[in-house]
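Remarks on the structure that follows.
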Amino acid sequence: MAEETQHNKLAAAKKKLKEYWQKNSPRVPAGANRNRKTNGSVPEKATSGGCQPPGDSATGFHREGPTSSATLKDLESPCQERAVVLDSRSVEISQLKNTIKSLKQQKKQVEHQLEEEKKANNKKQKAKRVLEVQIQTLNIQKGKLNTDLYHMKRSLRYFEEKSKDLAVCLQHSLQRKGELESVLSNVMATQKKKANQLSSRSKARTEWKLEQSMREEALLKVQLTQLKESFQQVQLERDECAEHLKGERARWQQRMRKMSQEICTLKKEKQQDMRRVEKLERSLSKLKNQMAEPLPPEPPAVPSEVELQHLRKELERVAGELQAQVKKNQRISLLNQRQEERIQEQEERLRKQEERIQEQHKSLQQLAKPQSVFEEPNNENKNALQLEQQVKELQEKLGEEHLEAASQQNQQLTAQLSLMALPGEGHGGEHLDSEGEEAPRPMPSVPEDPESREAMSSFMDHLEEKADLSELVKKKELCFIHHWRDRCHQKTHHLLSEPGGRAKDAALGGGHHQAGAQGGDEGEAAGAAADGIAAYSNYNNGHRKFLAAAHNSADEPGPGAPAPQELGAADKHGDLCEVSLTSSAQGEAREDPLLDKPTAQPIVQDHQEHPGLGSNCCVPLLCWAWLPRRRR
């Protein structure tokens, strides 16, 4: 826009200049005009070019001829006019120059104004763009505010409805509160009446409970002395068990020594066989060399054939002996490897048995620590009967299985001992025959028969099973003792915290004692507790007899048992001990005075009806005479 205006102004100024020149320019010759256009600042040249000097004109005129004075005057007058015009033209030119300068200054000012206007327009455009962006953001914010306003209106409506519902619920709750307060006041009044009625009865009941707790304390002291005696008995049994384990360990060590000696003898035999093989190889090489030698030039016909046949037979015999010896060596090496594997397995078993012995020593040392324990009689009678039943079942299984296994293993061992000697071949036959004629060794080497080897491994598996079962029995006994001790601690804590615990609605597991009046129920519960303690004292005596009979039978083997072999003497002896233990346990069970007690009969009857009980170390509590039952 500014450039267009500037061009328009320049065009207008040019037009004005042209008009001005046209108006003020006189009619002059073309030469003068041309000189004025080319150089307007020198008027003298124009005048000199436009009119000739007077001398020239005079000479010209003189050339042409004489002129009159009138013509000279006429010529002087236009020259003067032209000089005046030129002076006026120079003044006009200076004025025009001034106007041009002023116009240039105006042009610069206009250009400066145009630049400022451009900058202002750019700023306005930038501001316009910023305003457009702000307008867009304001429109977006306006839309968001409209949506928020809509949601706020909806939430206000929802909260208004909810407040109305809550007001209704509050009214209902206030009504319910008033009803509950009225009911509570009625209940408090009835409770106060009952408390006033029962205050007189509670005093007599507390006095009776104190007397009962004193009696129970005296009974528990008696029971504590009995438990101390039984603890001493357990310590003696522990010492005997430790001595027995030491003897077993010495036997196993002796067996290991014997096996090591047998391994040494087998190695010597192997070395001798290797020497024999080397000798046979040397003889074979000699025979081959003899056969490879050339025959004499003129041998007799018949002796050469006989000699060849003899050499062939000798070669076949030596080759057969060599093959047999190689097979024998391979078999001996296999036997040695298997024997070493068996020795390693037995060492591992010995190590495990030593670890078990150490664990048993630790458990016995823990039991040896003095502890103040009390007993809950009827529950522990049940536990003892279940434990005896488990011991009987385990020992019956052990007795039946291991007596059969022992008889079979005795037969197999005798057969193995008879098959121990290997028949000799060739030059080494005398040595092997002499070894076969020796007496059977106490720890036989591994037999050649695979069936006998399998029997030997099955026998060792039976021994492992027997050891595991005996360990299971010991673990059951330890669980029984720990459970017994924990229950005693719980009972003493209960008696101390709540003296003379309630025996209301108490009865035994069988349900023989039923609930009557309050005083009668408590008396019956106290009587049942006394019967239970007496029965438990009788059970302690019977249990001591049971343990003594078990140890006596463990020291003496049964008359019908087979003679123990050197390989499994201790294991078979243990089997017989377990059988005698079951028989003694059965005898004690027949003579146990618990069966005559009315409190123990339902327990025994329940155990006979449900023989599966007792497989778990957690014993169900069936004696309710000592436990408080708060039904009301």
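Cβ atoms are placed via backbone N, Cα and C, with glycine included.
Feature region 'Disordered', per Swiss-Prot, maps to range 496-524 of the set 177-205, 322-350, 496-524. Through the fold, the compositional bias 'Basic and acidic residues' (352-362) approaches residues 241-242, 245, 248-249, 252, 467, 471, 474 of its own chain, all at least 6 residues removed from its boundaries and within a Cβ separation under 8 Å. Summed and averaged per residue, pLDDT over the coiled coil (240-468) gives 66.
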